Number of protein chains: 2
Amino acid sequence: MLKEESSPLVRADVAVAEAYASVGNVGIGFDILGHCVAGAGDRAEVRLIAEREVRITAIDGVITDLPMAAADNTAGAALLSMIHGLDLPFGFELVLHKGIALGSGMGGSAASCVAAVVAANALLDEPLAREALYPFALDGEVVASGSRHGDNLGPMLLGGLVLATDKRIVRIPVPAEWYCALVHPHVVLETRRARAALAGHYALGEFVAQSANLALVLAGCYRGEAALVREGLSDVLVEPRRAPLIPGFAAVKQAALDHGAMGASISGAGPSVFGWFEDRASAEAASHDMRAAFKAAGHDSDVLVAPVDGPAARVL
Amino acid sequence: MLKEESSPLVRADVAVAEAYASVGNVGIGFDILGHCVAGAGDRAEVRLIAEREVRITAIDGVITDLPMAAADNTAGAALLSMIHGLDLPFGFELVLHKGIALGSGMGGSAASCVAAVVAANALLDEPLAREALYPFALDGEVVASGSRHGDNLGPMLLGGLVLATDKRIVRIPVPAEWYCALVHPHVVLETRRARAALAGHYALGEFVAQSANLALVLAGCYRGEAALVREGLSDVLVEPRRAPLIPGFAAVKQAALDHGAMGASISGAGPSVFGWFEDRASAEAASHDMRAAFKAAGHDSDVLVAPVDGPAARVL
């Protein structure tokens, strides 16, 4: 368990934490599986205040037009949940520095939640273990997405690949040499719209195929066997319903597979696309062609190439 | 990988193998997860014959009214698939000793397939690894159930808890001290009828909950953490649709949970009910009350109590 450093005698009155981007769903773990990707992140600067409230004083960075009312802001709501859940006798002032674009499918709302609660936690006399912060972060995430899912929060709190249920987060081991290429086209796809594409009925056979794939990926990660992940990392349930919302998706995915990806699919609700590779060089090479494929579909994009077993949020 | 003992010089002309009962689905892994349970099994006596055909000469034991035509018999069809798949220049004569009741949800048809192919394999000059026998066994299983699923075949071939997809079987580690109580009421529930109960549409939310449970059980097994299995071993997808077909199900399941089961659900297509326990004593104690609950619903039953990490089929 991660625990923030703290002194029982000296309580700082300001802390800054950063939470990194993440790939939610990972194709085969809709709403329950995600992993961190270093290279982009949200930062939260949190200051103790005497009043039992949350005041957001500034939001800057790649997005600025987010709600300033604490209860309507994902990070603000997470801090309010923390104040009430822990019955804290004080409150927090919050400055958010957004490094992750809105509607990118890279877990931006989750990153704000996690950065805020991790920074606030560092201000407590007895900071909690990361797992204990999860319920507060969930209360924040629901404000942004309308859904109580932790597939981005979990990896940001624990690092690496994480299974996140409504009650619990569990880290899954991943070989250190496996890399992710995450390509973010400059198109906004609202999470709510991406969720609407999933309305309707499903067949049991779709579930059986998808759960077999999920189990193969989990077993492959535990065993460190790329062959199992390669066989399982294919989203037969959600991707077919969402792919039409992402311009150029098929070509971008194919570019990843052409470079030997174990699998490639939509990151979170999209439009970002990720691929998993057995080494850094393949991920780097793929990322160029994945960008080119988005460009051919009319969109510039930016790229993160980083280990699948990415870093947890940290106090700066 | 398991490999049968063999001599390149001396080929026996008869072999006997036994495959043990299994718990298919394990609640949260519909069609893809199963584990062996020692204590009951089917035996196959296989003899080389010059003709490239399969002759079933006798079926005895707890069931005798099974098809004698090879292509219509699950074990016969598996052997035919083996002859054709391996292009063998000879055939097999088969005697089946059935130890597992038909329509019990304990993998009886799979056990006949596996016992037959494992015995036949022992007659080959160069016996194959167990994984290589899986496609032949699948070809047999489909004759019995009408569905190409390997959740019983996989554990019978490899032993223990096994993930079985349409292409592959993978053993999942399980702590040696975890026990299963498997209670078989003397009622027949035909697999095809149990499958019919699953017709219709499913909601995405059902799948998210079920896949979270599947992932918790897999992670719990890999980590040897009963708490994760306890949280995950709950079938929210299939059990609610099949439970009405099993007289006394709710009371039998509750009896298992009252004795500390990590979870309890329907074995395979039912009507047998299994529970997983952290030790043998709890499983033994539960099995008595599970039997009593079936008795209260009007049915006698018999019981197996054995490690979850049960034995693979073996050549006798």
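From the backbone N, Cα and C atoms, a Cβ is placed for every residue, glycine too.
All TrEMBL annotations are machine predictions without curation.
Taken from TrEMBL as is:
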- A:83-160: domain 'GHMP kinase N-terminal' (DOMAIN)
- A:Ala101, A:Leu102, A:Gly103, A:Ser104, A:Gly105, A:Met106, A:Gly107, A:Gly108, A:Ser109, A:Ala110, A:Ala111: ATP binding site (BINDING)
- A:221-295: domain 'GHMP kinase C-terminal' (DOMAIN)
When you tally the Cβ atoms that lie within 10 Å of each candidate's Cβ, which of the binding-site residues (A:Ala101, A:Ala111) has the highest tally?
A:Ala111
Other residues, Cβ within 8 Å of A:Ala101, A:Leu102, A:Gly103, A:Ser104, A:Gly105, A:Met106, A:Gly107, A:Gly108, A:Ser109, A:Ala110, A:Ala111 Cβ centroid (ATP site):
A:Ala21, A:Ile100, A:Asn152, A:Gly268
Tally every other Cβ atom lying within 10 Å of the Cβ atom of A:Gly105 (ATP binding site).
31
Let me know how many other Cβ atoms fall within 10 Å of the Cβ of A:Gly107 (ATP binding site).
33
By a simple count, how many Cβ atoms lie within 10 Å of the Cβ of A:Gly103 (ATP binding site), its own Cβ left out?
21
Within 10 angstroms of the C-beta of A:Ser109 (ATP binding site), what count of other C-beta atoms is obtained when all protein chains are considered?
26
Would you report the average pLDDT that the model assigns to the domain 'GHMP kinase C-terminal' (A:221-295)?
97
Give the residue counts of the domain 'GHMP kinase N-terminal' (A:83-160) per reduced DSSP state, in the order helix, strand, coil.
40 helix, 8 strand, 30 coil
